[in-house]
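These features come from TrEMBL:
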TRANSMEM  27-49  transmembrane segment
DOMAIN    41-289  domain 'G-protein coupled receptors family 1 profile'
TRANSMEM  61-82  transmembrane segment
TRANSMEM  102-120  transmembrane segment
TRANSMEM  141-162  transmembrane segment
TRANSMEM  204-226  transmembrane segment
TRANSMEM  238-260  transmembrane segment
TRANSMEM  272-291  transmembrane segment
């Protein structure tokens, strides 16, 4: 579409990870298995938790929801990316772009709040074990779940409303593999001062609130565990947190690299970093939680045994 004088383009062009035609089919061959592994892996986690009574605890309740959200998260991005790998136009309509952006922001932030809920659960389990069942009751879990969904959905809606008010009169080519908020913002020729301020204030608050909960929870866990005289109990306490900490590090590390910098510095390196938290982290989650968690291993083994018996 070149550089037309537009207030709102009818479509955007997603350049993807590479604009070279010879790269498209190899990229398709890489990301299709990644998508299938992500969906199947997270689905197995959900089924294992649902079918095993020993996994009917708050921690695994949140893990099951996290797995479901991760399936939704990658489904917002990868199917369209796969279609574009095999398409010559690589176009996405304006409405479809905003819809993708909305659900990308929503599911990404739901992930963040669920990780915070899981950190709170670990804090209560380790620091207040005698009151665990009283504090982390059904009502508390439902309340944390509602907050984990409502805040991100409202946050995403605000950003979509602000994006929809922008004027686009530059190129309609998005230098990314999906409609990322930052990439679309770069195409606007109207003032996006309000949008950028919102990203750096309200957006930062939405990201930092769950992250702060995680940091505070683990600081309290650390001080409690260091007071335990038994080395075996220390190891057990830390092992229950290892999987969660690994996922938190992958998720927040890549997000910080991409978003906590000026818009003008947004480059191709950020696209690569984006792959980590949008695609690789959801794919690795089932492996991280199953390989480093004895209860989850047993739950998956029981599930596989039931499948074979039927």
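Glycine residues also receive a Cβ, built from the backbone N, Cα and C atoms like all the rest.
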The answer for the transmembrane segment (102-120), taking Cβ pairs under 8 Å and residues 6+ beyond its ends, is 59, 62-63, 65-66, 69-70, 72-73, 76-77, 141, 144-145, 147-149, 151-153, 155-157, 159-160, 178-181, 206-207, 209-211, 213-214, 217-218, 244, 247-248, 251-252, 255, 277-278
Examine the transmembrane segment (27-49) against the transmembrane segment (238-260) and state whether at least 3 Cβ pairs sit under 8 A, considering only residue pairs 6 or more apart. no
Distant-in-sequence neighbours of the transmembrane segment (61-82), which means Cβ under 8 A and at least six residues beyond its ends: 14, 16, 28, 31-32, 34-35, 38-39, 42-43, 45-46, 49-50, 92, 100, 103-104, 107-108, 110-111, 114-115, 117-118, 121, 141, 144-145, 148, 177-178, 278-279, 281-283, 285-286, 289
Taking a Cβ cut-off under 8 Å, which residues six or more beyond the ends of the transmembrane segment (272-291) line up next to it in the same chain? 31, 34, 37-38, 41-42, 44-45, 63, 66-67, 70-71, 73-74, 77-78, 104, 108, 176, 178, 180, 243, 246-247, 250-251, 253-255, 257-258, 297, 300
